[in-house]
Amino acid sequence: MGEMIGFDSAVLLEALSRVLDPFNILIVFLGVAGGIIIGIIPGMGATMAIAILIPFTFTMLPETGMALLVAVYIGSVSGGCLTAILIRLPGTPASVATLLDGFPMATQGKAGQAISNAVVASFFGTIISGIILIFSAPLLAAFALKFHFAEYVAVCVFALTAISAVSGSSMAKGLLTGMLGVLLATFGISEEDGVPRFNFGSDMFLGGFTFLPALMGLFAVSQIMVEVANMKSAKKVKAISIESILPSLTSIRQNLGNYLRSGLIGTVIGVIPAVGGATAGLISYAQAKNASKEGEKFGTGHIPGIVASETANNAAIGGALIIMLTLGIPGDPATAVLIGGLMIHGLEPGPRLFMSYPEVLYAIYLTVFLGAFFMMFVLLAFMRPLAKVMELPKEILLPLLFVLAATGVYSTNNRVFDILVMCGFGCLGYILERMRYPLAPLVLGFVLGPLIEGNFRKMLGQYGDVWPLFTQPIALMFMVLTLGSILWTIRTRWKAANASAQEPSP
Amino acid sequence: MKNWLTAPDRALAIVVILVGAFLYLETYSFPSTDWEQLGVAFWPRLVLIGLGVLALFMVWKGTLEPGEEVTFCGRSFVFLAGGLAYYFLLRSVGYLVLTPLFVFVFTAYLGSTDRRGLTVAALSAVLGTAAIYIVFHYGLLVEFPGGVLEAFGE
C-alpha cells in the first residue's frame, strides 16, 4: 500500500509544469505579496488572510487555489516581522519572539539589518520545513493508510490533548472552548445517519455551521471587533526609518547552525496540533539563547535571537502542513482554514489525498519553495514601502475588511444566512477573546469533533464495543500517548502551581 | 451576591449551563435512529455533559485567571450591530446599495465626521464596493441580491 504513496516523478513534473505556468506564478506572487501586506497590519494575521481569500479560489483549479492559499500563509507569517521590529507590535502572533531583539535593534538604528536577517531566516525556515514536508508527509500518509475507525478515534483524541498546550495559563478555559467547538460541529444534519440535530425546526439550521463562515467569524470578524475597540486607545503608528535593506553574508554564515536547529524545532512544533508559530518562535528563541556563548546579549538587539524566532515560526508552516495533509488534523488555526480551502474543492485531507490527488500535493510542496523565494524578494525589494502599510488608517480598512469577509462567505453558497453565522461566530470569538479564552482549541474541537464522532460510531457499528481502541496496536499506541500527554500536563501544571505558591508575595 | 455573579468566568459558566440545559432538552426532539447502537443524540449529550461538568467547576472556582479586568467595548458591538443590520437588509436593499452605505457609515463612525473625513469615507465606500463587486461578480460570477435596484430593472 505504501508504494502507492511514494515519490512519483511523472506527477512531480506535471505539478512542476502547472506551478511554473505564468498564471500560477502570478497567483503565488500576488498571494505572497497580499499575505505580507495583511501580515504587516497589526492584528490581522495568517488565519484571517487565508479565510478572506478562500472565496477567490472557487473558480480556480484545486492546485492553483491551494497554491494561492499556501502563498498567502507564507507571506502573512513572514510579514509579521516588520511590525515586530519597527513598532514593537507583532503583526502576527508568530512574530512575538522577534520583537525581543528586533525592536532594540531598530531603536539602535539597525532596523534594516534586523529586518533583512529576519527575512533570510524566514526563507531558510520555510525551505527547511518544505524539505522535511516532502520527505516525511508521504511516509506518514503511508502509515496513516493502516488507520481504521479505532485508529482515527485514538489519533483524534490524542490531538485533542494538544488543547492543553494552547490553553494558556488556564487549562479549564482551553477545555471549555475546545468542547464548545465540538458541540458547535454537531449542529445540522448528522453525517452518520442523515437526520437533523439542533435545527430548532428551521430549515436555515439544517446545514449546520459551515466551516468558512464559522472560521471567518471567529478569526476575521472577532479580530475586526477587537481592532475597533483598540482604535480608541491606539496611537497613530509611526514606524522607525530603515537604513540598509540587504543582510550581511557574515551574519548569514555565522547563523547557519541556528537556521538548522530553529528550522527543525519549528517543523516539529508545527506538527503538534494547534500549537503554531508563536510557540515555535518562543521555544526556538529559548533554545538559541541556551546554546549561545553570548546568552546575555539576547533581548538587547542580538541577531541570533531574531534568526531563531523567524526561522522557527516559518518552519512551523511545513510542520503544520505535514499533519494537515496526512491526517486532516490542523497544525494551527491557519491550517484549519486551509482544510476548509481543500474541502471547498471537494478534496479531503488524509492519506487518500496522496493517492487520488497527488498533483495537488506536489503543487503545494512546490509552492512552499516558490513562495519562500517570492517572500524573500518582495520583503527585501519593497521593505520601505511595505513599512508604510502599517500606517494605513484602520477606519478605512476595517469596514472594507468586514464587507470583503461578508461577500466571501456569501459567495460560498450564495446564502445570505452564512453572513449571520459569520456575525454570530464573530461575536462569540470577540467575547471569548476579551475574556482571555483561547480560540485555537475551539477550532481544533470544531474540526476533530465530527471525525471522532463519525469514526467512534462506525467502530461501534463494526465491533460492537470500544475494545479495538485498546487491542489494535496503533490505536493502543495513541491511547497510551494520550494518557502520557494528560499525565505530563497535570504534572507540569502542578509543578508550576507549586512554584508560584512558594514565590514570596510582593 | 453582586460580586459572586460578576466574576466573569462564573457568569460565563452560568450562561453555558443554561444554554447547555436547553440544548440537552432539545436532544430529546431528535428523530429516533433505532437501527443504531448509539442514537443520534449520544454524542451531543456526551459533549453537553462534559461542558456542564466543566461549567460547574468554573462556578465553584469563580475566576480562573486572576488578572486585569475584563472589559467590552461598546463600539465593537455597534460595529457588530451594523453587521447584523447588513445581513437583515441585504435581500431587501440589495448589495450594490447597501454595501457602500455600510462602508460609508462605519468609516465615518470610526474616523472623523468633518468634511475631509466624510470625503474619505465616500471615496472608500464607492471605490471599495466597486473593486469587491468587480472581482466577485465579473471575476467569480457571483450573483448578489439586487434589492431595490431589481425594481428599477423591472
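Just so you know, glycine gets a Cβ as well, placed from its N, Cα and C.
Quick look at what TrEMBL lists:
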type     : residues  : note
TRANSMEM : B:12-30   : transmembrane segment
DOMAIN   : B:12-145  : domain 'DUF1468'
TRANSMEM : B:42-60   : transmembrane segment
TRANSMEM : B:72-89   : transmembrane segment
TRANSMEM : B:95-111  : transmembrane segment
TRANSMEM : B:118-140 : transmembrane segment
Quiz item: In the same chain, who gets a Cβ under 8 Å from the transmembrane segment (B:95-111) while lying at least 6 residues past its ends?
Solution: 75, 78-79, 82, 86, 89, 117-118, 120-122, 124-126, 128-129, 132-133, 144-149
Quiz item: In the predicted model, what is the mean pLDDT computed over the domain 'DUF1468' (B:12-145)?
Solution: 88
Quiz item: With DSSP, how much of the domain 'DUF1468' (B:12-145) is helix, how much strand and how much coil, in residues?
Solution: 99 helix, 0 strand, 35 coil
